[in-house]
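Peer 1: Pasting in a structure now, in structure tokens, and then I'll have a few things to ask.
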């Protein structure tokens, strides 16, 4: 599985109608979309979700779309599911004893959904400490009181986060790990730092690393050298030296011309 997507297709049933191909599961933070091809013409699709231990559930009945949000029928996130994409006529599925259908690859939300971007709520750089506070991504699933569950509510101790940080304008990158909602990192107090956060499920074989958060940078009063770099100052110094040298050369030339002119003006007097 790559980037939360699975691709698979198996054809079964009456071959009179075209069956779906290129069936994919796309899932981020447990919001799961089933997609397939082709666009139907003269017929419809109906999606059936089959769990290993749960009853079959139908979604997107008689649809002309080629995608279906199946999030709400995958609530048992540790269950393994397959999707049957049925091809049916406009008169309904009773026209066939067994309508033609394609079968997706197996999908287990707990082990295959992609972790979304963490939200950085606050960051401070005080002295030699960088503090970063962030929030877990939310899932579409809710508690009985209506509040949304976060990925931490589902993964619990299977979830950790990594902070990747580096000195501003430097390529050397370091990382730190936490199971909480904050980082406290020892840094060089005279330098600004950039960083991002990424969720990790260490127990997974695939899709261990989640999406990267937005990159943020601290700002502790940069001086001009930090802002523009030493290369700019070298260029400026070269230009200044060139200007000074040119000014000196021009001054010498002008001075010599004045002396030459003055000497020529005195020549007639000397001849008298």
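Glycine is no exception: its Cβ is also placed from the backbone N, Cα and C atoms.
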Peer 1: Look up transmembrane segment in TrEMBL and report which of 208-231, 232-255 it refers to.
Peer 2: 232-255
Peer 1: Please spell out the DSSP helix, strand and coil residue counts for the domain 'Interferon/interleukin receptor' (113-219).
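Peer 2: Across the domain 'Interferon/interleukin receptor' (113-219), DSSP assigns the residues as follows: 8 helix, 56 strand, 43 coil.
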Peer 1: So what's the mean pLDDT when you look at the domain 'Interferon/interleukin receptor' (113-219)?
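Peer 2: Mean per-residue confidence for the domain 'Interferon/interleukin receptor' (113-219): 94 out of 100.
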